[in-house]
Amino acid sequence: MSITPAPSLSSSSSSSSSTTHEHTTTTSKENTKEKKQDSQSQAHIQPPKTALHALARRYPWLVGWNHEDWWPCWIGLFLFALVSTAVRFNIPAAHFQPWTSNPFDAFKSIGNLDLLILLPLQGLLVYLALWAVDAKDWNQFYKGFLVIESLSLLSKWLASQKNIKSASLGDSIWAILFGAMLRNAMAGAPLPDGRSKPLPAWLKVAQQTELYIAISLVLLCIDFNVLKPLAPRALFVSWIDTPSLFVLVALIGTTWLRIDLQTSMIMSGATFICGSSAAIALSSSLGAGNKSDLPIAIISVFTIPSIIALPYIAKAVGISAKVAGAWFGGCVDSTGAVIAAATIYGDSGNVAVETAAVVKMVQNVLIGPISVGVAAVWTQREERRKRALHNSLQDDALRTKSDFKPVPYQTLLWNRFPKFVLGFILTAILFNTVVPTEDRPTVNTFSFMVGEWFSTMSFVSIGLGLQFHELRREARMLLKLTTLYALAQLVDIMSTFGLAYVAFEMF
């Protein structure tokens, strides 16, 4: 299975080449160099046009807001403010009603009228981000967005069917499946070299996997009041084993399974922390590009057995609702899957759901410190590697031509740090300080719903990167990652059960 990389927001579009006589080429290069020097000289001489230009020239970091790393924060915070305002005016959140045979029963909720505003607004905000950073083919985004949003809508509608919902086949599975089906249908026969035809520009520009999932993470609210009663025990369950097992399993992936370190860390982090959100955060910290796509796809598929099996095991063994909830919250990958598992457990007082939600919220907080730690360690590692390579050049002339230029460590760390984690933290602060206490449960539900739409769009984008006819090329990596996930999940299930039992049964 091959993963087609999703485009970056700031992709450039320069791809022209020609062959000319050597003299003409040399002359052209000299002229270009002279023009560039003249333009640089003129730019240096020309005074700033406005006070804003002068401020930006003196303090360039002030214009850093218009960068692909920051747009998830701006979009997420804007939508959070919009959600908080909607709740104040008693506007209900959209959700599909469970339906059996009549598909239109899914749309009976009055809150679904929100979708008439939410879905176009999603497209408008992402379009604005692409335009602002001058992404490649940004003016064709609306075509691809209509396709991805339609598949997201279809996925959520299908996942609300009662029988499908009872089987825990969530919208993430359908989104990946529909995206993959579309990708392979459009690819047609493989090219002579065995590769797939690339996605058309109008669809590729809408395949913004990282942007969508980052926005959904910014919209994830953490209620400190809910955390307080269970926080010490939830911390014990979530934070004791997660960092150490994350490192241990990542090392096993590189040494035993021979997976590259970046992919192994992403797979391990996604398993032990919170699924796709952790995968994207770690991918950003590591500068790993699209290496998170395959781990996210694997987790989305193989989480289903845990959702179904763990509640029945807990019931059969006679585990209490609190221990079961903490167990689900600590070892099931994503927040939605955790709630689904606790709901299947089905205790009368809803204790399992509340405990599972708190433990998962506490575990989600780990995204921030682990992302910072990974970014710091990886930045130092890359800096040492480049310096060693530079120093290994024996010839002074080669060393002079080397592209290694020492960069301050703080600058490297800041560039690698996933900025949407700051948006996640700011949302939590605003949620607990600005939003009235009586509105917080509703705002939390509403904000989670909006974030889930972006999350589903990211799963469609992941599906658009899956190419079935190239399965042979990726079969070995797929098998290795699946083995690593199975090992990590087994260890996580056993260790989390032990910690949950100690925290919620013995104390």
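Cβ atoms are placed via backbone N, Cα and C, with glycine included.
No curator has checked TrEMBL annotations; they are predicted automatically.
Summarising the annotation, TrEMBL assigns compositional bias 'Low complexity' to 8-19.
Under the heading compositional bias 'Basic and acidic residues', TrEMBL lists 20-38.
TrEMBL lists 1-48 with the feature region 'Disordered'.
Panel annotation: around the transmembrane segment (69-91), residues 9, 111, 114, 121, 125-126, 129, 132-133, 211, 214-215, 217-219, 221, 284, 418-420, 422-423, 426-427, 430-431, 434-435, 439, 442-443, 446-447, 450-451 of the same chain, lying at least six beyond its termini, place a Cβ under 8 Å from a Cβ of the stretch. Per TrEMBL, transmembrane segment is recorded for 69-91 (among others).
If you look up TrEMBL, you'll see 112-133 (among others) marked as transmembrane segment.
What TrEMBL records for 236-257 (among others) is transmembrane segment.
For 269-288 (among others), the entry in TrEMBL reads transmembrane segment. Beyond its flanks by at least six residues, the transmembrane segment (269-288) meets 69, 209-210, 213-214, 216-217, 220, 242, 245-246, 249-250, 262-263, 295-296, 299-300, 303, 333-335, 337, 360, 363-364, 366-367, 370-372, 374-375, 378, 416-418, 420-421, 455, 458-459, 485, 488-489, 492 of its own chain at Cβ-Cβ distances under 8 Å.
Taken from TrEMBL, the feature transmembrane segment covers 294-314 (among others). Within the same chain, residues 1, 3, 167-169, 172-173, 176, 263, 266-267, 270-271, 275-276, 279-280, 323-324, 327-328, 331-334, 337, 340-342, 344-346, 459, 462-463, 466, 474, 477-478, 481-482, 485-486, 489, 493 sit at least 6 positions outside the transmembrane segment (294-314) and bring their C-beta atoms closer than 8 Å to a C-beta of that stretch.
Annotated transmembrane segment per TrEMBL: 326-345 (among others), in sequence order.
For 357-378 (among others), the entry in TrEMBL reads transmembrane segment.
Packing against the transmembrane segment (417-434) from elsewhere in the chain are residues 69-70, 72-73, 76-77, 80, 84, 214-215, 217-225, 280-281, 284-285, 367-368, 371-372, 375, 440, 443-444, 447: each is 6 or more residues past its ends and has a CB under 8 Å from a CB in it. Marked as transmembrane segment by TrEMBL: 417-434 (among others).
Residues 1-6, 76, 79-80, 83, 86-87, 93-95, 118-119, 122, 148-149, 151-152, 155-156, 171-172, 175-184, 199, 203, 206-210, 212-213, 215-221, 276, 290, 293, 296-297, 300, 335-336, 427 of the same chain sit 6 or more residues outside the transmembrane segment (446-466) yet have a Cβ under 8 Å from a Cβ within it. The transmembrane segment annotation in TrEMBL covers 446-466 (among others).
Among the features that TrEMBL reports, transmembrane segment is placed at 478-504 (among others). Long-range contacts of the transmembrane segment (478-504) within its own chain (CB-CB distance under 8 A, at least 6 residues past either end) are made by residues 1, 233-234, 236-237, 240-241, 245, 249, 252-253, 257-259, 263-264, 267-268, 271-272, 294-295, 298-299, 302, 306, 310, 319-320, 322-323, 326-327, 330-331, 355, 359, 471.
Listed as Cβ neighbours of the transmembrane segment (236-257) (distance under 8 Å, sequence separation of 6 or more from its ends, same chain) are residues 263-265, 267-269, 271-273, 326, 329-330, 359, 362-363, 366, 370, 480, 483-484, 487-488, 491-492, 495-496, 499-500, 502-504.
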